[in-house]
Amino acid sequence: MEARDAVAGALVRSDGEEQTTKKTAAPKKDKPQTKTKMEQIFGFKKEDLTSWQSLVALLNRPTDPASLGIFRCLFGLVMTIDVTQERGLSHLDYKYLDGAPVCRFPLFNFLQPLPMDWMYLVYVVMFLGALGIMLGCFYRLSCLMFVSTYWYIFFLDKTAWNNHSYLYGLIGFQLMVMDGNRYWSIDGLRRPSIRNAHVPLWNYTLLRTQIFIVYFIAGIKKLDADWVEGYSMSYLAHHWLFDPFKVILPVELVNLLVVHGGGLFLDLTAGYLLFFDATRPYVFFFVTYFHCMNSQLFSIGMFSYTMLATSPLFCYPDWPRRFFAHFPGFLRAVLPLTSPDPQPSPSCVYKEIQSTSVERQETPPAAKPSKLRFKHKLAAIFTIIYIIEQFFLPYSHFITQGYNNWTNGLYGYSWDMMVHSRSHQHVKITYKDGKTGEIGYLNPGVFTQSRRWKDHGDMLKQYATCLSQFLPRYNISDPEIYFDIWVSINERFQQRIFDPRVDIVKADWSPFRPNPWLMPLLVDLSPWRTKFQEIEGSLDNQTEIVFIADFPGLHLENFVSEDLGNTSIHVLQGKVNVEILEEKKNFSLQPGEQIKVPAGAYHKVYTVSEEPSCYMYIYVNTTEAALQENFTKLFELQELIRNGTETEPLPPELQPLVAADLEGAEVNATDPIVRLFLKRQRRMKEVKKRREASVLERLERFAVKKYYTIRRGFLMTAIAMRNLAVGLPPLEQLTREVAFANMKEPQAEANQDERLKDEVGHGEL
């Protein structure tokens, strides 16, 4: 019994009943009542579901508060860290700089950020709320502070939306209506009446069901054909974290079986297997491994750690008591209670316990039987409605049809995590003066801090409206805005996502109607992806390829860089006309035909067939190829110098190769190719050093980086609070204070202009 209890639990199981049975077993003379098979597996009897009253009594059954209290503390801890990290406290002044011409993307257009110093105050309230949740101090008020400010910031910026940010808000809301401060909380010290008191079973039911939904719905979404066939996240198989699997499997099978197959199986089954006693220990290992890998694969903040904190919720609710009972006695004063007897709570419904006279004399007094009250029924109604709503929302996109841009609606509540991967080949923004007819072009992303608008029609509409308000400042009257955006989703052809002929400023958009200027995804061309792999496999390392699909009546205007000295167009399907603008020539191409296009010039590709055309660009970056050839020669020369086999005197421009290992050698190089070579060598050396660093060195680097990030957030917050309290100081003083807050570790300051993210890979550890 002891071993099983260490990991046992069920979705609606009550620890109070379990422990009462154990405590009273010794003095009993009668045969103890045996549980049914259903009760052993699920924690409740079939009779508990036969009537409304019995269901209400079940959901309000007294349950040990220990596991809920530990989860509350862990969730509050990760949220206090998250405020400075993914919520953006450390760079808040860059995001909400007062007076800057910035286009923003709130869920509702009337939502606008407060002045910057007041935004810092919003974050202070959110941070104090998360801290109060962690400590269980003024619990309801802390939850309200956290939830209200969190959802305000969440709705303020759709470009930062994702599933785990949505999950944080949901859990914060759930904790606000729960009795999470009944165990290991400051409120328990202040109010002995709630200390170590029972919590109703629906507290656990709600949280466990929410986590089950996160796993299970994510698994259902991964039944998409692109995921099953291994196209959604194929690039992950090349990450170093999957190197152990590559010892026994080729990278193609690692992608199909481990990345996609393993992710699908874990998401579909984790919620179920965490539920059952027999499978829970094994699933604990796999979900822990899964979330630790995700923390390194993706920049997802505290999500992995939050999910790790939710796993113990599926154990018996009294697991913390048995866990902390193994600690030394001198630590008991600061550790959670290990007493096995929670006190009664008015939030729960107690049934009358039938016991013998011996039991009445030798056991402590039990809670008095209680009747069903309105609050108990309200709690049951809330639990049922909330669970139904959470199962419904991921499939409610027939309502919010305006958000369905090659995704499953408003991304962020659908749990379709990592189902879609995108690459953008071409983004062009064209403006037209409504009075003069003058046409010009804008840099993609001008007046905005995000790139996510390119994939969402609602954000594109907001962006176009914002641009139409800013452009008149530059003598462009009544501007019309046109977007030509090419996207490849899950390794398909690059194709347009929006109609480039539509003026988005005047275009109609509604969240409740399909987007009329959204171009359809060419799913009929999906089988071509197998052919893509064959073509790419037949090319050498220096040859690049881009696959294009276009609609009848449209054309692609493209510029070939002078670096791409060998570029050709090959037609795969349909008919196209290629116009070389500089030469004023037109060429008609059929499937299987090709044409070479000049570098340093524009050309247009018209689709003239009745069905979509498919073609590919094949090109070689001749400049890069020549540079790599020079690098190879310099590397060979450098090896000869190091080996002492180079006897010929070096010309002055190659002398820095001798001192290549000395810091700053590339600065003294006069030849630009030698300078680039030495710079590349130094960067590769730093990358190798980082990758081969010991665990302690990685942890130190991680801690130092987080320290300076958190430090900046708190110092900038202190400056903002001072500004609100006593007003702005002189500009010179403010400049010094901000410079002090911006101070970074010496190594970061030395390498501030050369970040190594691309070379080092994902993650900070």
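Even glycines carry a Cβ here, placed using N, Cα and C.
Taken from TrEMBL, the feature compositional bias 'Basic and acidic residues' applies to 14-35 (among others).
Positions annotated as compositional bias 'Basic and acidic residues' by TrEMBL: 752-765 (among others).
Residues or ranges marked as domain 'HTTM-like' in TrEMBL: 60-319.
According to TrEMBL, the feature region 'Disordered' maps to 1-35 (among others).
As annotated by TrEMBL, region 'Disordered' applies to 745-765 (among others).
Distant neighbours of the transmembrane segment (120-153): 69, 72-73, 75-77, 79-80, 82-84, 87, 89, 92, 111, 114, 168-169, 172-173, 175-176, 180-181, 184-188, 716-717, 720-721, 724; these residues of the same chain sit at least 6 beyond its ends, with a Cβ under 8 Å from one of its Cβ atoms. If you look up TrEMBL, you'll see 120-153 (among others) marked as transmembrane segment.
The feature transmembrane segment is assigned by TrEMBL to 165-181 (among others). Nonlocal intrachain contacts for the transmembrane segment (165-181), taken as residues 6+ away from its ends with a CB within less than 8 angstroms of a stretch CB, comprise 65, 68-69, 71-72, 75, 79, 82, 86, 133, 136, 139-140, 143-144, 146-147, 150-151, 154, 187-188, 194, 197, 199-200, 203, 206-207, 210, 214, 303, 306, 345, 347, 382, 386, 390, 412-413.
Taken from TrEMBL, the feature transmembrane segment covers 201-220 (among others). Non-local neighbours of the transmembrane segment (201-220) in the same chain are 11-12, 14, 58-63, 67-68, 71, 163, 167, 170-171, 174, 178-180, 264-272, 274-275, 307, 310, 313-314, 317, 379-380, 383, 386-387, 390-391, 394, 414-417; each lies 6+ residues outside the stretch with a CB under 8 Å from one of its CB atoms.
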Q) Tell me, what is the mean pLDDT of the domain 'HTTM-like' (60-319)? A) 94
